[in-house]
Amino acid sequence: MRTKLSSSRASISGIFSILAAITIGAGPIPTVLIKKHGYQKVAITGSCVAAFGFFLSYWWANIWFYYITISFIGGVGLNLMYISSVLCVENHFDQNKASAMGVAVSGSGVGTFVMSYIMNEIVNIRSWFSYSSALLIEAGLIAVTFLLGFLLSSGRPKEEENSTNESQKSFFHQVNKQIDWKLFKKPAFTLFIISNFLISLGFNVVYNYADDLANDAEVVKEQRSYILMSIGISNIFGRLIIGFLGNGRNDKKRRLYLFILTYIISGIATAVAPQCGSSVIQHIVYASFFGFFSGGYVTLSMILPGDIVGDKKKNDAIGLLSLFNGIAIAIGTPVVGAMRDVFAHFANPFLWPYFIFGACTIFSGCILFATPLLQKQHPREHSQEEGPDCKRESLHEISRLQEQHPREPSPEEGSDCKRESLHEISRLQEQHPREHSQEEGSDREKEPLNGK
């Protein structure tokens, strides 16, 4: 494509970086559409839009036209497909959510593994098709997902099913409402956004430039597709295994440290990649490490926002996270391409670009060690965001335990289980003393009215 269009690496990589940026970063748009039309309709619409964009790109080999058809139209369509499928899984599972998310997003690893080999064979090795014909094939493959969209739930998010006021507001008002800037008042979440922005600068670099890096290192042309394939297959296992390890509602700290580990190792793999020489085995090793741990990062990045801001604000946090990740992706990949062209006269042109962005990824993981400290300094904000639902559950739990144990256990029947229940009642009453008394007061006010 670069030869055909006579364009720089930065310009060509910009097509696919903007495509990825819109796919990830335009989250508020499908969120509003899902609330109104449901997961299934939005996913099906997305497949049609994306397929149409890639289909249009077949007819004119022009870089600015590609920015419209592939980057914008294709990006919007893929965004509708991606967000609807992720939110459908996120809202369906209450337990083992990390494992479910790992399975759901592992399809991208399968696609990377299979398509990198097929496209390299039919376009670069055997020259059966031109790259423009390959775009037409990709349009057909995207169109097939139209049928897969019917497998998603036709419903909407539970909390939105009975909402009528939101549907009366304008679409752009609802999109703007999805961006909750007040979340930046939470230092732990602000740090999380900064960290994700830094890693997203270099996240797509390895995917986009693995072949160029191998070419500069003089890896055998027929073996280069194995590098992307290794990223794809290791990505599948990373999403599944790290997703499984990240399960558990009460294991937030363990999940955070696992998340940090995925950052650091992905960054190390990126930084050392230019040192792999002409051996395809060494390239496969770095690619496998990157694929495995970056896959785990993608799985946990949809779970961690809920751990940091609470379930009530989870969707808003994911929307903001996606927005800033998209901006970073749009910046990072073209910058690396431009740096590669600037350092073209060096023996290893990708050395400094990979080292800089790999270091950013490592740093982005290290700063997250401060998250527990920031949450301890601002515990009230987290509890307030959980809101009345959390308090109401605690009050119901108090009532349930009091019904089970209305009096102190006698010496004959006093068991450890009852003593633990009574201690639990005391603990919950200490947490919500005012709310409990207010609920009791409201009940007392209702009794005379009922008596009348």
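Every residue, even glycine, has its Cβ placed from backbone N, Cα and C.
Unlike curated records, TrEMBL annotations are generated automatically.
Confidence across the domain 'Major facilitator superfamily (MFS) profile' (1-376), taken as the mean pLDDT and rounded to a whole number, stands at 89. Annotation comment: TrEMBL describes 1-376 as domain 'Major facilitator superfamily (MFS) profile'.
Beyond the transmembrane segment (12-34), the same-chain residues lying 6 or more positions past its ends with a Cβ under 8 Å from any Cβ of the stretch are 1-2, 5, 42, 45-46, 63, 66-67, 70-72, 74-76, 78-80, 82-84, 87, 156-157, 171, 174-176, 178-179, 200, 204, 208-209, 315, 318-319, 322-327, 329-334, 336-337. Feature annotation from TrEMBL assigns transmembrane segment to 12-34 (among others).
Positions annotated as transmembrane segment by TrEMBL: 66-89 (among others).
Residues annotated as transmembrane segment in TrEMBL: 101-119 (among others). Below 8 angstroms of C-beta separation, residues 85-86, 89-90, 93, 134, 207, 225, 228-229, 231-236, 238-244, 291, 295, 298-299, 302-303 of the same chain, each at least six residues beyond the ends of the transmembrane segment (101-119), sit close to that stretch.
Marked as transmembrane segment by TrEMBL: 131-152 (among others).
Summarising the annotation, TrEMBL assigns transmembrane segment to 188-206 (among others). A Cβ distance under 8 Å defines the sequence-distant neighbours of the transmembrane segment (188-206), meaning residues of its chain 6+ beyond its ends; these are 16-17, 20, 24, 231, 263, 266-267, 269-270, 273, 287, 290, 294, 297, 301, 304-305, 308-309, 317, 320-321, 324-329, 331-333, 335-336, 353-354, 357-358, 360-361, 363-365, 367-368, 370-371, 374-375, 378.
Taken from TrEMBL, the feature transmembrane segment applies to 226-244 (among others).
Among residues of the same chain six or more beyond the transmembrane segment (256-273), those with a C-beta under 8 A of the stretch's C-beta atoms are 195, 199, 202, 205-206, 213, 238, 242, 245-246, 283, 286-287, 289-290, 293-294, 296-297, 300-301, 304, 307, 350, 354-355, 357-366, 368-369, 371-372. The transmembrane segment annotation in TrEMBL covers 256-273 (among others).
According to TrEMBL, the feature transmembrane segment maps to 285-305 (among others). With a threshold of 8 Å between CB atoms, the same-chain residues lying at least 6 positions outside the transmembrane segment (285-305) that come near it are 86, 90, 97-98, 101-102, 105-106, 108-109, 112, 189, 192, 196, 199, 203, 206, 210, 227-228, 230-239, 241-243, 246, 255-256, 258-259, 261-263, 265-266, 268-270, 272-273, 276, 314, 317-318, 321.
Within its own chain, the transmembrane segment (317-339) has Cβ neighbours under 8 Å at 8-14, 16-18, 20-28, 31, 83, 178-181, 183, 189, 192-193, 196-205, 208-209, 301-302, 305-306, 308-309, 350, 352-354, 357, counting only residues six or more beyond its boundaries. Annotated transmembrane segment per TrEMBL: 317-339 (among others), in sequence order.
Residues annotated as transmembrane segment in TrEMBL: 351-374 (among others).
Annotation comment: TrEMBL describes 379-452 as region 'Disordered'.
With a cut-off of 8 Å between Cβ atoms, the residues of this chain six or more beyond the transmembrane segment (131-152) that come close are 1, 4, 39-40, 43-44, 46-48, 50-55, 57-58, 61, 70, 77-78, 81, 84-85, 88, 119, 122-123. Listed as Cβ neighbours of the transmembrane segment (66-89) (distance under 8 Å, sequence separation of 6 or more from its ends, same chain) are residues 14-16, 18-27, 29-31, 33-34, 39-40, 42-43, 45-54, 56-57, 100-101, 104-105, 135, 142, 145, 149, 152-153, 157, 302, 315, 322.
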